[in-house]
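Database features, via TrEMBL:
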REGION    1-30  region 'Disordered'
COMPBIAS  7-26  compositional bias 'Polar residues'
DOMAIN    38-287  domain 'ABC transporter'
TRANSMEM  390-407  transmembrane segment
TRANSMEM  419-441  transmembrane segment
TRANSMEM  468-487  transmembrane segment
TRANSMEM  499-520  transmembrane segment
TRANSMEM  526-547  transmembrane segment
TRANSMEM  612-630  transmembrane segment
Amino acid sequence: MYELDGNSLSDGSVGSNKPSPYTSDKSGGPGLEREVVLSWKDIEYKVTTKANKQTSVKTILNSVSGHINAGEIIALIGSSGAGKTTLLNALSGRIVGGQLTGDVRFQGSKRNPTSFKRLTAYVQQDDLMHPLLSVEETLTYAAKFRLQNAAYSPRQKAERVNEVIRQLRLEAARNTRIGNAATRGVSGGERKRVSIGSELLTDPKLLFLDEPTSGLDSNSSEMVVELVKKISVEQNTAAIMTIHQPNARIFNLFDKVILLSQGSVVYFGPTSKSISYFGSIGYQCPIHENPADYFVDLMTLDYRSEDLLAESKKRVNNLVERFIVYSSQLDMHADGKPSKPLHESVESSYGTIANDVGFKKNSWVSEYITLLRRDWTNIYRDIYYSTSQTLQPIAMCLMIGFMFYNLKHDDLSIQNRLGVVYIITVQATFPIFMPQIALFVDDLVIAVREQSSASYRFSTYYVSKMSTYVPIALVCNTPFYIGVYFISRLDFDARKFFIGLPVFYCQNIVTVGLMFIFGASIKSIAMIYVLSTAVITSQLLFSGLFANFRTVTDVLSWVRWINPIYYSFSALAQNEMSDMTFICSAGPQCNKAGKDVLNSYSLDGFNIWQDVLMLLLNGVVFYICGYLLLRWKGTPKYLWV
Ligand SMILES: Nc1ncnc2c1ncn2[C@@H]1O[C@H](COP(=O)(O)OP(=O)(O)OP(=O)(O)O)[C@@H](O)[C@H]1O
């Protein structure tokens with residue numbers, strides 16, 4: 001382990017042959033051996049980059065080794081782009097893409113991804129939480145998902161939430177909503193503490209934090225670090241956090257620091273010894289300077305001129321080499337023989353603890369009920385969404401109803417009837433798709449984060465989303481259908497009314513399925529809007545109203561068979577017109593049969609029930625694809641070493 005032990009610089013010299021910190025870790029004090037929670041050795045991470053059509057391999061982490069003991073907090077410090085987040089991700093098992101090599105052990109064993117996820121926690125830099133839930137609700141839902149029902153009763157979960165609220169000093173904000181850019185909520189520091197609290201609920205053995213102080217003033221930053229330290233000490237857990245140039249007070253709160261430059265370790269050891277270490281290799285931190293600022297300046301490449309760049313590169317290389325020399329000396333016993341690395345020695349003492357932890361997931365039903373409750377709370381509180389989803393169908397119903405007011409039974413009404421039926425179909429597409437996709441994409445980001453800590457199953461998430469979005473679509477659009485039916489006076493017949501309504505419902509349900517496909521497969525909302533508009537517009541164009549399928553070229557005529565809108569429009573049009581007869585409004589007396597009209601529009605390829613069947617088949621395919629895409633895209637392919 002390339003780490004300075006607590007005593008190695010006591011005489012101010014570097015490189016004295018001492019018992020290696022690999023073999024015994026007594027940083028807890030004389031006689032106190034602390035459990036090594038995580039150790040990592042020779043971590044290398046490379047990515048392939050392309051520039052000017054040339055492919056090159058970029059090394060982002062270069063032979064990084066270290067370990068963390070229970071009760072410690074370690075700061076990962078370096079200039080921007082030094083590789084801090086990459087190292088944190090590699091250690092927490094969240095690296096995607098590239099080549100990762102080396103060896104990471106959790107409590108002495110190779111990591112079992114599932115147990116590791118459950119026993120550790122990761123606080124992301126962006127605090128992704130539901131803005132409309134209060135602090136207490138956010139923590140309560142996290143507790144319901146992440147604490148096993150078998151081990152915690154509802155009361156014990158509530159007590160655990162209260163304990164975390166107390167621990168993180170969040171009592172005053174308990175009932176305040178999290179908030180976002182649109183709605184004022186808790187302060188930045190409180191938000192960060194809620195984020196940390198959600199992760200602490202499970203009593204993780206190891207906490208990873210990515211820049212927990214970014215965006216906070218120095219008081220809030222100090223409070224966050226102090227709290228993490230207090231918890232680590234009290235609960236004998238460990239924490240590793242990336243942090244940008246902490247002030248001197250915050251810097252001194254850390255037990256150890258890892259200083260990274262260009263992916264290489266420049267120093268890893270006790271914070272208290274960092275100044276003397278740098279002093280011993282010729283870089284004495286000025287008395288009144290903040291040590292973290294001084295170290296980061298030393299480690300940063302200076303791009304202001306060629307000369308300054310060359311000079312800073314030389315300095316950084318020197319710092320890296322000096323630390324390699326020093327750490328290799330620490331690897332030797334006093335007799336000059338290499339000591340057995342701590343990384344390997346801990347394995348024998350801790351066996352396979354990390355892999356032995358058996359977790360019983362909460363039941364599917366329990367997850368589903370909790371997710372459903374959270375979804376409906378969010379929807380109910382989203383005043384903009386609920387108002388617009390309620391008012392839009394009513395406004396459209398009045399407009400369409402009065403535009404086609406009181407349809408007659410003459411031949412002029414043929415076009416109008418087809419128009420009304422078509423608009424009924426359209427109302428079950430865009431007005432449902434667009435607002436729901438915006439909600440779903442926002443929600444999915446949080447779900448993916450929750451998934452990374454194995455909070456619940458994707459299947460429960462998906463079914464709870466279906467159970468939220470489908471009823472909303474149906475309930476909100478029902479007044480539209482009823483209003484348009486009666487105001488425009490579509491053919492008055494109870495049988496027709498009660499056949500048309502379920503067909504309309506089916507189209508709404510299919511639209512929600514299509515929405516899941518887009519939401520699960522594309523992250524960018526702008527891209528979704530562009531592509532989905534193109535897809536839905538094409539579906540509307542191929543509905544049979546604008547182009548007669550007898551005249552559509554063979555190359556495109558097949559589109560109707562995979563077009564749900566064709567089926568719903570055809571079913572609704574047949575339902576309305578197949579038994580009607582239209583009187584000619586002018587000229588010689590004549591009658592036009594609805595059947596003939598439908599035939600002239602090629603809308604009678606299937607009968608109503610076949611149309612409904614095909615519509616439902618489209619829906620089933622959409623929902624299955626949506627689920628598979630959600631699983632595939634929502635489960636990042638993390639690299640484990
Ligand atoms: N997948 C990747 N492909 C290409 N470059 C990458 C990739 N991942 C990381 N990098 C590069 O590796 C370097 C280290 O990135 P990282 O995010 O770890 O830095 P950091 O120290 O956390 O920086 P900051 O403090 O600015 O967040 C950066 O130059 C980044 O651009």
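Cβ coordinates are placed from backbone N, Cα and C, and glycine is handled just like the others.
Just so you know, TrEMBL annotations never went through curation; they're auto-generated.
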The answer for the transmembrane segment (526-547), taking Cβ pairs under 8 Å and residues 6+ beyond its ends, is 418, 422, 425-426, 429-430, 433-434, 437, 441, 514-515, 518-519, 556, 559-560, 563-566, 569-570, 601-603
Take the transmembrane segment (612-630) and find every residue of the same chain, 6 or more past its ends, with a Cβ under 8 Å from one of its Cβ atoms.
-> 444, 458-459, 461-462, 466, 502-503, 506-507, 509-510, 513-514, 516-517, 519-521, 561-562, 564, 567-568, 571, 606
Close approaches to the transmembrane segment (499-520) from elsewhere in its chain (Cβ under 8 angstroms; 6 or more beyond its ends) | 424-425, 428-429, 432-433, 436-437, 440-441, 444, 462, 465-466, 469-470, 473-474, 477-478, 481, 485, 490, 528, 531-532, 535-536, 564-565, 568, 571-572, 575-576, 608, 611-612, 615-616, 618-619, 622-623, 625-627, 629-630, 633-634
Mind checking which residues reach the transmembrane segment (390-407)? Cβ under 8 Å, same chain, six or more beyond either end.
-> 413, 416-417, 419-420, 423, 427, 431, 476-477, 479-480, 483-484, 486-490
